[in-house]
Every structure is written in C-alpha cells, then in structure tokens.
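Q: Dropping a structure here in structure tokens format, bear with me for questions.
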Amino acid sequence: MSQPELKKSKVDISKTITVLPGDHVGEEVCNEAIKVLQAIEDATPYRNIKFNLQKHLIGGAAIDATGTPLPDESLEAAKNSDAVLLGAVGGPKWGTGSVRPEQGLLKIRKELNLYANLRPCNFASDSLLELSPLKSEIVKGTDFTVVRELVGGIYFGERQEQAESEDKQTAWDTEKYSTEEVTRITRMAAFMALQHNPPLPIWSLDKANVLASSRLWRTTVDKVMSEEFPQLTIQHQLIDSAAMILVQSPTKLNGIIITSNMFGDIISDEASVIPGSLGLLPSASLASLPDTNSAFGLYEPCHGSAPDLTENKVNPVATILSVAMMLRLSLDCVPEAEALEKAVGQVLDSGIRTGDLRGSSSTKEVGDAIAEAVKKVLNQSV
C-alpha cells in the first residue's frame, strides 16, 4: 500500500457523521471507530479536520426506546449528515414479530437511496492467511469487491402469505428489476473498476438460464458496458457456478463482482469466510458515484450484532476499516484513509488481535493500538 502523500498547507475540513450503534456489539465497535476518528483529528499534520459525531438510535435499541426500529429523528439526522456509521442491528430478544430491528436497516437503505453495497474481500495482512478455512496457497492474492444492488429485487418486491388451513399454507416473494436499476448499479461497478490502473475486470453474477429478472439483468449489463465502458472487460457467471469458484479458486474472481440484492447478500457472506473472520470485513452502501470522493454513504461491518459475545471481545477491525472506506468515498480524506489502512495492517502484523484471530487482545486494546498507529503513520509522512 502506498504511503499517504501529505501537504503542509493548512485547510479546514468539517464533516458531520451520524453514528447509529444499534444493538449488542454495535455500541462497542462504534466506540472504537470513534476513537480512531478522534486520533485522525489530532494527528493529521497538514490540515485541520473536525468530525462532528452525532449518536442516534436504530434497531432493537430503538424499538425498546420508541417502539419503532428507525425513529424519525435518526432518519433526519442521517439525511443531514455527510456519512453514516452503523454498528449492528438485531438479536433474539426482538424475535421475528411484526416489528423487527432489521426493518430499520431496510428502511434507512430505501429512504437514503443507498442503492449500491460495496464489500471488499482481501487480506488486511498476509499474516492472516493461515486463519482462512481454505488453504493459504488457494486464498493468497484474493482481492475482489462485491458490488451488490441494494434497494431492488426480491427483498423489496411484493410478497404474500396465505393459509387455507393449518396444514395448507402458501407463500411467495417477487423478484423485480428495471433497466434503470440495473444500469445504475452497472455504472457503479464500472466506476470502481476504473479506479485502478489497469482497470479491473468485472464479473456479473446472475441466474439467466432460469430467471426472467436475470435475463433482463444480463442484457442490460451488456448494453451499458458495450455502449459506455467498452474499455472494460465484462464476464457473466451463473451464481451457483460462482459460488463454487469462490471456494475452489477465489482469485479467479479478482476484480469487481456485480450482482443482484439476494445473490449479493449470499455471495458476499460466503466470501466473508475467506479471510478467516467476519470481524475483518468492512462495507459501504452508497447513494451515488464517489467521483469526487464525496458520495453520501452508510458504512458498517459485515458482521452482525453477536448477542452471545461477552463484553470487550468483539473484533473492531471491520468497523475501523469501514471508517477507512468512509474517509475515502464520502469525506474526501483519501490520505487519511490510506494511513488508517496501513495502521490496521501494522497492528495485525504486531500480533495485537482479538480472539477470533487467535489473539488475546480486547476490543479496546485493538482500538487503542490502531488509534496510536494511525497517529504515527500520519506524523511520519510529513
């Protein structure tokens, strides 16, 4: 990773971040992310940066306090911020009733038009290769990003449950996509591919041999790529075949993976196992192309709320790397993002790790170490 290029001229930057800790470990990981943001405020040597942090409720915590998983106050705060940092939502306490924590997450995605979910899959440090459930020689060099369409498809389609009797019930969900939705997510994937030199290849995953929605998906992707991005490489892969490749030889899918809401949900969770822990993987959900490094976005770890995990045991790295994505894509703080990613790698290499990475450090100890490391990286680069 290249060293951040920092200039010495003073520039003032003020950014507002809505923090939605959510449930269980969400509060802990958000606290460590805030710690790192404050360290960057203190350390950035060539400009004054101020992160205005505002905490609000979402998920089960919001249900307990207000009866709704996404209070209007939380939504309005998110709409008026530069970016949103989310911890995790859900847990068995709230069950699967008519009001559920996950409804808050679905609603905020829809209300903020967060149509593109980006989930990188790589190794923050080669020292983590041995932790993968796959052989090191198979996973070494894995580096792809899943670009998942987030506000369409079967999760937002019409659904129905009918019961003629206790023994005879029927239920269905509807998968629906428009050319506009597929065009928009294809452009996001192409933009991400073009941020690299040479540009990254793009893999489009669907089930076009069976589903009408996938056939529309494939023809639309082809049209957009041929007309707008002829310089990029696009390959189509059936989702079941891609799931197999991901286990057999994940580096074959290196580049940008574009897929629908449900397929993206499944394939990105499968991919999250490759680095050895969900506690390592960040994500970003964007409302527009980050072409000026100022796209509005929501950032969260790929892991859930982990209600069974005792205090100070959760790995904060995924949330901290989500902050790095936020700095790069939404807050126009690219040098700070690079410094933070470098700091995370240094800390992991030093052996300061939580239990999921066969370490003995606590959540706070990892957060403290990364905060100190990013200060040193920033100050050394002047």
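Cβ from N, Cα, C; glycine included.
Keep in mind it's a predicted model, so treat the numbers as computed, not measured.
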Q: Would you identify which residue of ARG100, ARG119 Swiss-Prot lists as part of the substrate site it also attributes to ARG109, ARG148, ASP240?
A: ARG119
Q: Out of GLY91, GLY97, GLY304, PRO307, which of these binding-site residues shows the lowest number of other CB atoms within 10 Å of its CB?
A: GLY97
Q: Looking only at C-alpha atoms, tell me how far PRO307 (NAD(+) binding site) is from ASP240 (substrate binding site), rounded to the nearest Å.
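A: Cα of PRO307 (NAD(+) binding site) to Cα of ASP240 (substrate binding site) measures 31 Å after rounding.
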Q: In sequence order, what residues of the same chain, 6+ apart, have a Cβ less than 8 Å from the Cβ of TYR155 (site 'Important for catalysis')?
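A: Expected: LEU106, ASN261, MET262, ASP265.
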Q: Using other CB atoms within 10 angstroms as the count, which residue among the binding-site residues ARG100, ARG148 scores least?
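A: Per-residue Cβ counts within 10 Å for the binding-site residues ARG100, ARG148 bottom out at ARG100.
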